[in-house]
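Notes follow once the structure below has been shown.
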Amino acid sequence: MPSSCICTKLSLPPKKKKNQNAFSHLCKSLNLSPPISQRRRTESMGRRRGSSPVNVLFGWVRRQSMKVKTFLSVISILCSLIALKFLVRDHNHFFVASEAIHAAGIIVLIYKLATQKTCSGLSLKTQELTAIFLAVRVYCSFVMEGDIHTVLDFATFISTVWVIYMIRFKLKSTYIKELDNMPIYYLVVPCAILSLLIHPYTQHLRISRMLWAFCVYLESVSVLPQLRMMQNTKMIEPFTAHYVFALGVARFLGCAHWIIQVYETRGKYLFLIGAGYLWLPMVLLSEIVQTFILADFCYYYIKSVMGGQLVIRMPV
């Protein structure tokens, strides 16, 4: 065999191997396909994440019928109430904890506005409704009680006013007004009318009693514009989600106080002499309404946090 043929045959494999290496390098530089080891490692991580107990639990709950989901929700709430009843001796501390958690939620908003310089995703109307009922409650608390609740409410009110100032003036360009489209008077007017009809009967001035009822009713629906805005955007960034979740926890604690009081008095607490036959049931109903309004969001919040998602996606 000629030497040239031998050289040709011997040089073919290195040339072919060189071309293959060049092609592999080109694919890698263009990110056309990751290396096999990387793909295997990513798939393994995905399987481990998908098979975590929390994701398995949420997946099982999601596949259940609405009746089963409702039953599981009721059982979870009852277990939480039973735990709170035995762990907390003075049930009046529920209100202090509720107001403190609300204040913590406002602090989260302040941190977002101060560091990220954006109010995207925040509802100005919810903040304005919050400022209204807090201002009324601070006045009523100062006139009728004057205790730790007054201090916490006043601090939360000042923080809320600062948030409103930032949204209206400093960060106005990042506020999405088109998505914050729930009229405030749809909520304020019915609450005002209801407070004229149903309010507590105590030794205080009638106007103070009506204002107290007004702030209770308005607080129960003040979060609706924020929820409406989140439904419009379909995606909620972390700080806004933390704030709304704090509101949900605060309302649950307030609702837990009334439910436990009703249980311990076997229903007599609802009809205390001098407090009005409809006032206390309306307070309990207001707490329950706001708790259930926020319950759906809290479910998706916990699900997203447990799944390691920073941005929460609301269902269509």
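If you go along the chain as it appears here, the first residue is 1 and each next one adds 1.
The backbone N, Cα and C atoms fix where each Cβ goes, glycine too.
Feature list (source: TrEMBL):
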{"type": "TRANSMEM", "residues": "70-88", "note": "transmembrane segment"}
{"type": "TRANSMEM", "residues": "94-114", "note": "transmembrane segment"}
{"type": "TRANSMEM", "residues": "150-171", "note": "transmembrane segment"}
{"type": "TRANSMEM", "residues": "183-201", "note": "transmembrane segment"}
{"type": "TRANSMEM", "residues": "239-260", "note": "transmembrane segment"}
{"type": "TRANSMEM", "residues": "280-302", "note": "transmembrane segment"}
Candidate ranges 94-114, 150-171, 183-201 - greatest C-beta contact count to the transmembrane segment (239-260) (under 8 angstroms): 94-114
Taking a Cβ cut-off under 8 Å, which residues six or more beyond the ends of the transmembrane segment (94-114) line up next to it in the same chain? 84, 88, 122, 148-149, 152-153, 155-156, 159-160, 162-163, 166-167, 170-171, 239-240, 242-247, 249-251, 253-254, 256-257
Report, as numbers and ranges, which residues of the same chain sit near the transmembrane segment (183-201): CB under 8 Å and 6 or more residues beyond its ends. 125, 128-129, 132, 209-214, 217-218, 221-222, 224-225, 274-276, 278-279, 282
